[in-house]
């Protein structure tokens, strides 16, 4: 959640940045009206309180005590009434603020959508083939690695069954990713895939993205859309010691998304599924540590791709493509020969203190004061999309898939 004091004190500057993130101008106008109303009602409340304090002190020496008591009683009623008005406005303001995204960093390019993201660099060269490379779903069906028909039969569209070496390769990737991330200093944790609403709120999924979540009927439980949610919230409501930071964690999980806005996109294959697997990185840091830790996380995910021999590129997301909780995001896109283009395989984001304010994660700084931490997250990596990338990049003209050297010991 945004710092409402900063929003109020720097309204024009902050709302300009929010507009670049495509926040509805009507919401921003409503915020301005609420701030003005709140200021007016708080001023009135302070005047009533000042009256009460002043004349309460004079009551003992007043000549007409009964008259003054009556005035104080009447004024107390006004204080109660005015306090209610202020509370109603504050609650309305906070409710609107819950649906307002994070402010983009200064370094984030201003743009409308993904077409205005900025390429930072390319890593490794895409492979060349003396034949037309196939897409992963063609390879997967011919090798009996991917069973889309039975996936749909037992579930619905956008579900798939992994079989034989395809399932083994997926499991090998999970183990390799966890080991790689641990070698970079990330502690392995295993968390629930079902979390409560407060946890979903803490990382920013609720209330704004409620319709894209799978919820358990009659219970305050949701299937996670990323393990960023439970890992970050492990420390919700806590005050950490300065010495423990940064906390760097990695986690494997299944992820569940309705993909409500993806009709017609990636309808074939396993690029976009309702259930998929991911190995995540999450860090909790002091504010002054978050930029360097962001670079560590980005380097970890990029080096992991390189260790598998997968060509990829770094993209800085523009304001219009930036996620709700993120202040800055760099995507990693892997080269897919079958599609002849780069596709997203990881997003590394710095959320600054946005999630920490919602989840109430603080630490005691060197001055002994409680301060909000910074939270960061990133995929290292999306398992299904890495499987896709290996299938397409390591295919031969006979339609066989060769296993990258780094993974051979995991079979």
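Including glycine, each Cβ sits where the backbone N, Cα and C put it.
Record features (Swiss-Prot):
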type	residues	note
BINDING	226, 227, 228, 280, 379	L-serine binding site
BINDING	257, 258, 259, 344, 345, 346, 347	ATP binding site
Task: Chain-mates of 226, 227, 228, 280, 379 with C-beta within 8 Å of site centroid, L-serine - done: 229, 231, 251, 253, 255, 278, 279, 281, 282, 377, 378
Task: Most Cβ neighbours inside 10 Å, all chains, among the binding-site residues 257, 258 - done: 257
- [ ] Whole number in angstrom, please: the longest C-alpha to C-alpha distance across 257, 258, 259, 344, 345, 346, 347 for ATP.
- [x] 19
Task: Of the binding-site residues listed as 259, 345, 346, the one whose CA lies nearest the CA of residue 280 (L-serine binding site) - done: 346
Task: For residue 228 (L-serine binding site): DSSP state (helix, strand, coil) - done: helix
TODO: Just jot down the residues in the same chain as residue 345 (ATP binding site), at least 6 apart in sequence, with C-beta under 8 A of its C-beta; none if empty.
DONE: 305, 312, 332, 333, 334, 379, 381, 382, 385, 386, 389
Open item on the list: Cα-Cα, whole number of Å: residue 347 (ATP binding site) versus residue 226 (L-serine binding site)?
Closed with: 12
